[in-house]
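Feature list (source: Swiss-Prot):
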type	residues	note
BINDING	CYS37, CYS38, CYS103, CYS132	[4Fe-4S] cluster binding site
REGION	227-271	region 'Disordered'
COMPBIAS	239-251	compositional bias 'Basic and acidic residues'
Amino acid sequence: MGLEEKLPGGVLLASVEKLANWSRRSSLWPATFGLACCAIEMMSTGAGRYDLSRFGMEVFRASPRQADLMIVAGRVSQKMAPVLRQIYDQMPEPKWVLSMGVCASSGGMFNNYAIVQGVDHIVPVDMYLPGCPPRPEMLMDAIIKLHEKILAGPISGRIEHTKIGSSPYPKPIEVATARAGLPEGAFDTRTLSVNDRKRFSIPAGAPAPTGGGAVEPALDTRRPAALAPPSVFGRAKRIPVDPKPSDEARAHGPGPTTESIGDVDGPDRGI
């Protein structure tokens with residue numbers, strides 16, 4: 001009827017949350033962080049043929065303090081896990097993680113002691129991208145889906161305050177260590193392979209032994225040092241053993257007073 005008020009041209013109504021998330025989505029700067037073969041496909045995605053600058057991502061920052069997206073491109077070795085976590089901690093919040101390739105997501109073909117069986121044991125992951133390796137088109141599709149997730153998320157983003165080894169996944173080795181009466185920290189849970197986790201696992205709901213109870217059969221109290229994995233930094237370490245073993249350990253035979261564990265590259269170097 002001509003009585004309605006009309007907004008003048010050039011005025012846009014939006015919430016502060018939508019505006020902040022739109023800005024984050026449109027200027028998502030990845031960190032320069034390549035680990036293995038998937039990094040080649042990530043570099044191809046940033047080249048002129050696919051041109052990530054269309055999505056505001058042409059700048060791969062060399063400093064984690066200027067990046068807000070970590071693309072874990074390739075398998076993560078046990079020695080690289082602390083470095084990866086340190087880079088993640090240096091990134092400003094809010095920040096996001098994209099696990100590129102099956103090796104980064106679940107270990108892939110590297111089902112052994114040297115490779116982390118899933119990067120989500122080290123850092124929280126927002127988007128998983130399968131493939132070996134995934135093509136640049138697949139990486140772009142995963143990035144677009146991550147953009148949609150950022151746009152629909154809260155203004156505070158996903159803020160995490162965790163440390164290495166504080167993954168939400170259960171750590172049965174810690175439970176088994178406590179039940180075996182070994183000192184806290186005798187096992188480094190960061191260096192356990194998937195086979196070791198299965199070896200030391202305890203059935204859910206199993207009652208904890210009381211004083212004088214039997215030790216879990218999955219652990220051998222005669223040689224606790226032999227069960228300890230090597231250091232994550234590759235150095236040999238020594239774990240002292242009580243020279244006066246318990247009655248249960250004595251029934252299995254005498255054990256050594258000190259054992260040496262070699263590094264992952266070879267025999268004990270006496271470090």
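Each Cβ is built from the backbone N, Cα and C atoms, and glycine gets one as well.
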Practice task
Across all the protein chains here, work out how many other Cβ atoms are within 10 Å of the Cβ of CYS37 ([4Fe-4S] cluster binding site).
Solution key: 15
Exercise for the section: Count, for each of the binding-site residues CYS38, CYS103, CYS132, the other C-beta atoms lying within 10 angstroms of its own C-beta, and report the residue with the smallest count. Expected result: CYS132
Fill in the blank from the handout: Same-chain, non-site residues whose Cβ lies within 8 A of the CYS37, CYS38, CYS103, CYS132 Cβ center for [4Fe-4S] cluster are ALA36, ALA73, GLY74, ARG75, MET100, GLY101, VAL102, ALA104, GLY108, GLY131, PRO133, PRO134
Practice task
For CYS38 ([4Fe-4S] cluster binding site), name the DSSP secondary structure in the helix/strand/coil scheme.
Solution key: helix
